[in-house]
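If you look up TrEMBL, you'll see 33-59, 66-89, 109-128, 148-172, 207-234, 246-269, 281-300 marked as transmembrane segment. Residues annotated as domain 'G-protein coupled receptors family 1 profile' in TrEMBL: 49-298.
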Amino acid sequence: MPCEGCVERDNVSTGATREFLLLGFSELLCLRVLLFLVFLTALLVTLAGNMMIFLAVVMEPSRPPMLFFLCQLSAIELCYTLVIVPKALLSLAVVEGSTISFLGCAAQMHLFVTLGGAECFLLAAMSYDRYMAICQPLRYVVVMSEGLCLRLALMCCLGAFAVSLGLTVAVFRLPFCRSHRIDHFFCDVPAVLHLACTQSYAPELSLLAACVLLVLLPFLLILASYLCIAVALLHITSSVRRGKAFSTCISHLAVTLLHYGCATFIYIRPQSSYSPARDKVVSLVYTNITPLMYPLIYSLRNKEIRGILRKILRRKKMAQVN
């Protein structure tokens, strides 16, 4: 017997017309205007900051590998923000919450996981770049060629796309028996899984497999790179050289801790510990605050980015004078 209230998908037409209701922050009506302004401000600043870094790197004729990866990271953050935040703003503008189609929810989840996974892989590629620069400086230019950087960037995107597609298909093949109301401001994996009425552990296993491939594997690669870097730094006698080498890793370490900290808290845990209110707060930080922090971290800590921005400002002043 089918369970009461299931989202039936045997009929071909229902898959395209079935809608979910994103409740968003409907329980915080008194803070709706404030949250809308915070979301909107974060969106505009994030877009401006990442666009500034992206254009600055693209306009630079000679790009070292770290700047190439940073350019890709900014592009991912731009797409990442546009996939999530506009729908969140709409859910705040509508008191009852905003609707999203069955296919639209699946597409949003797929894009969100793809971009988040690509960022995890990209952070691993950036840690390998730091490893080569510090531990193998004589081979750095030869190994970290433009071709290798392009291949790594392509592998990051394709690998994340494939894993995300498998996870999204596994989630949306489930029967949804509880309700069509998603207690979140976007179609996040735990929030959608919470609606499933299956008694098996298959949904959690698919999420666990995706987390191992997208989160745990890149994190282990990053950890291995930084262990090698730490050993190399111990053998550097000059404190000036050691400090200079360590300073090149600070920005990447800060971004890695922000990204993996939130991702681990949300996804690597049993479904029984799911808490909608807590997840929404963490996702709010994950999708709004951390993309906002990335341009600030890299523009302040990366001397190449600071140099490029200074050159752009100089050219603009000279153009105004002329």
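Every residue, even glycine, has its Cβ placed from backbone N, Cα and C.
All TrEMBL annotations are machine predictions without curation.
Nonlocal intrachain contacts for the transmembrane segment (281-300), taken as residues 6+ away from its ends with a CB within less than 8 angstroms of a stretch CB, comprise 38-39, 42-43, 45-46, 49-50, 52-53, 70, 73-74, 77, 80-81, 84-85, 88, 184-186, 188, 251, 254-255, 258-259, 262-263, 265-266, 306, 309. Residues 25, 67-68, 70-71, 74-75, 77-78, 81-82, 85-86, 88-89, 92-93, 288-289, 291-292, 294-296, 298-299, 305, 308-309, 312 of the same chain lie 6 or more positions beyond the ends of the transmembrane segment (33-59) yet place their CB under 8 Å from a CB of it.
Per-residue confidence over the domain 'G-protein coupled receptors family 1 profile' (49-298) averages out at a pLDDT of 84.
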